[in-house]
Amino acid sequence: MKKKAALFIKDYVVPILIALVIVNIVGISFVVGESMQPTLENRDVLVIDKITPKFASIDYGDIVIFKSSLERNTFSNKILVKRVIGIPGDIVEIRNGNVFVNNTFLEEEYIDNSFTAGELIIYIPENKVFVLGDNRNHSEDSRSSVIGLVDKKDIIGKAILRVFPTTDFELLNTTL
């Protein structure tokens with residue numbers, strides 16, 4: 001009887017527990033659109049870390065996947081992929097096409113066109129982040145009143161790996 005119980009645990013319980021852990025630690029997300037070009041392309045497939053947003057801090061340069069209030073249809077909110085530019089306590093300013101964080105010009109080697117449209121100064125409160133798409137001319141992001149600041153509870157995960165297309169397989173180094 002003990003052998004049957006041990007086999008049952010080994011064959012069924014352990015794999016189910018492992019699957020539950022994996023599902024809650026990592027996930028898969030798809031890039032839709034061109035707002036993160038040249039870093040990410042339309043239809044890229046990403047592996048995301050679901051733990052960091054819940055138990056650690058989101059940092060500058062992290063590429064995050066989040067639920068937005070931008071409606072895709074009447075049944076669900078759109079999932080977006082953007083880069084974190086400002087974290088709680090920061091002042092983000094866009095002036096003359098340039099981005100400043102806490103009065104320091106933001107060096108952004110990951111974007112093709114360094115001009116960022118719009119003029120704003122915004123303080124980032126607790127539990128919020130300011131995000132921008134890498135393709136600034138084609139991105140709905142924190143500059144938009146529809147998206148605005150992203151609440152940390154809406155962050156699903158942090159992109160850690162691009163797995164498709166396989167020719168672009170890479171670890172995503174997101175630190176600014």
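Counting begins at 1 with the first residue displayed.
Every residue, even glycine, has its Cβ placed from backbone N, Cα and C.
Curation does not apply to TrEMBL; its annotations are automatic.
Taken from TrEMBL, the feature domain 'Peptidase S26' covers 9-163.
Per TrEMBL, the feature transmembrane segment maps to 12-33.
Long-range C-beta contacts of SER35 (active site), restricted to its own chain and to partners at least six residues apart, with a cutoff below 8 Å, comprise LEU80, VAL81, LYS82, GLY133, ASP134, ASN135, HIS138, SER139, GLU140, ASP141. A coil conformation is recorded for SER35 (active site) in the three-state DSSP classification, outside any helix or strand. Per TrEMBL, active site is recorded for SER35 (among others).
The feature active site is assigned by TrEMBL to LYS82 (among others). Just so you know, the Cβ of LYS82 (active site) picks up 25 other Cβ atoms within 10 Å once every protein chain is counted.
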Beyond the flanks of the transmembrane segment (12-33) by 6 or more, those residues with Cβ under 8 Å of it: 40-51, 65, 79, 81, 138, 156-157, 159
Three-state secondary structure, LYS82 (active site) (per DSSP): strand
